[in-house]
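Participant: The following block contains the structure, expressed as structure tokens.
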Amino acid sequence: MGEVLERPATAGTVLPILDIRHVDKRFAFGAETITALSDATLRIDKGEFVCLIGPSGCGKSTLLRMVAGFETVSAGALLMWGKPVSGPGPDRGMVFQDYGLFPWLTVSQNIAFGPIARGRPKAEAAATARRFVEMVGLTRFADAYPHQLSGGMKQRVAIARVLANDAEVVLMDEPFGALDAMTRERLQEELLEIWARAKLSIIFVTHAIEEAIILADRVVVMSPGPGRIIADERIALPRPRDPTGVEFNALRRHLSGLLGSHH
Amino acid sequence: MTALAVRAAASRQALLAVAAPVLGLLAWHVTTSGPGYHLIPPPADVAVQWWDLAFGGVWDDLYSATLFTHAMASLGRVYGGFALAALVALPMGMLIGRIAVVRDLLDPSLQILRPIPVTAWLPLAMIVFGIGPRSAFFLVFLGAFYPILLNTVFGVRSVEGRLFEAAAMLGVGRQAVFWKVVLPASLPSIFTGLRLGLGFAWVVIVVGEMTGVQTGLGAIIMEARQLSRTEIVISGMVTIGVLGFLSDRMVQLLGQRLLRWSPQHG
């Protein structure tokens with residue numbers, strides 16, 4: 001650190017929560033090098049809900065995993081509150097598509113896991129867990145084990161787990177991709193409610209255009225070969241958004257045009 | 001299902017479980033009770049012998065009322081050898097599973113040692129440990145060791161990668177990850193290893209007690225064979241069967257309590 005970082009001219013005086021600057025990601029595949037992400041630049045302000053969409057191979061999950069700290073940056077800079085991200089940490093909570101719950105812990109123990117790992121007293125962690133179990137509507141299942149839960153319930157636990165751990169940024173990798181349509185819709189609503197209440201910043205990876213328009217303040221469109229950002233669209237529609245509305249459909253057409261033209 | 005139907009199903013299951021041994025006993029009785037057949041004693045004779053072996057009062061010979069002593073000697077060796085095997089195999093398995101250097105160092109040798117049957121170690125054990133209970137103890141240890149080791153290595157190595165990511169993003173440090181993730185995640189496999197190991201310990205005990213020890217179920221089985229006291233041989237076998245079954249049930253119940261979270265165990 002210590003280097004003076006250039007500040008884009010368009011930026012205000014407020015420090016963005018996440019500042020991704022000209023980030024590349026290359027993987028070595030034997031003798032070959034594959035560029036998964038090329039020159040990605042993205043600023044996310046505190047409280048923003050950003051969706052990353054694009055076909056597979058566009059680098060959206062790679063970008064998310066770099067923000068999470070699971071992957072290193074090959075070139076460029078990835079800053080949170082101005083400081084380089086150097087590994088996974090509780091300030092950036094990740095919600096996986098396959099949940100990643102600890103099967104040997106109950107719902108409340110899964111939620112208390114983070115606070116206890118960070119050295120909070122047991123009683124305090126238990127109280128926190130109770131609060132978040134209630135928040136995601138799983139009080140009746142507080143002592144159930146993950147294998148006894150439905151997919152939607154597991155994903156609620158996964159969300160509660162990162163919130164209970166004071167995550168400022170919530171990273172979601174196609175979190176509702178494995179759920180049925182009804183459950184997905186309900187979880188989208190609940191997520192928006194939690195996001196508004198907890199003043200979270202969310203990066204949400206999806207390949208469903210409609211899901212992105214329902215949720216996001218901004219939809220970042222990516223394209224493959226090599227993965228890169230091709231558009232960053234602000235969604236100004238008031239919430240809750242009506243997927244059958246005219247403006248909604250205009251946006252849908254616009255975004256699918258962007259995606260289609262780069263195939 | 002109604003309570004009545006549940007009870008009917010349960011009694012049906014119990015009936016079926018008892019049916020095979022009853023039929024077996026019957027077949028045993030029919031084929032051995034006739035005059036002129038003396039190689040295998042009929043079940044009633046074995047039952048009388050078992051009673052005398054356990055409580056005395058029938059034959060009042062050298063073997064009367066000695067079963068408890070022999071059973072305790074065997075139990076001590078089985079659980080002692082098993083405990084020692086667990087004590088060595090559990091940490092060793094965790095190190096092999098988690099640390100590449102240890103794996104590269106030990107795994108090839110273990111792969112070569114593993115196919116050698118426990119019985120093949122018998123002469124060597126007698127040379128090293130002498131004729132006596134120490135050889136038996138060693139063989140039990142060896143029999144229990146590999147299943148515990150292999151299942152521990154497997155359990156530790158097959159922890160889902162996602163769980164490491166989940167723990168890291170929740171703030172678990174590098175040192176804590178073993179206790180918080182690896183150990184609990186591999187418990188089902190470790191548990192399977194312990195159960196198999198204890199089973200093998202019971203299998204090996206008879207071989208182990210052939211090495212000239214004075215007491216133990218294996219010892220009286222071998223001794224009675226030389227004296228052509230086949231009722232005692234079978235009584236010893238039945239006792240080993242029952243003790244092995246009970247000890248497996250105990251471990252299984254313990255597992256069901258500890259692994260309630262696992263769909264395969266709970």
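Including glycine, each Cβ sits where the backbone N, Cα and C put it.
Computed from a predicted structure; not experimentally measured.
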Participant: Of the ranges B:11-31, B:53-73, B:200-220, which one does TrEMBL flag as transmembrane segment?
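Facilitator: Going through B:11-31, B:53-73, B:200-220 one by one, TrEMBL flags B:200-220 as transmembrane segment.
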Participant: Using a Cβ cut-off of under 8 Å, list the residues of the same chain at least 6 residues beyond the transmembrane segment (B:137-156) that approach it.
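Facilitator: Here the qualifying positions are 77-78, 80-82, 84-86, 88-90, 92-94, 96-98, 110, 114, 118, 121-122, 125, 128-129, 182, 185-190, 192-194, 196-201, 203-205, 207-208, 211.
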Participant: Which stretch from B:78-100, B:200-220, B:232-251 shares the most C-beta pairs under 8 Å with the transmembrane segment (B:112-131)?
Facilitator: B:200-220
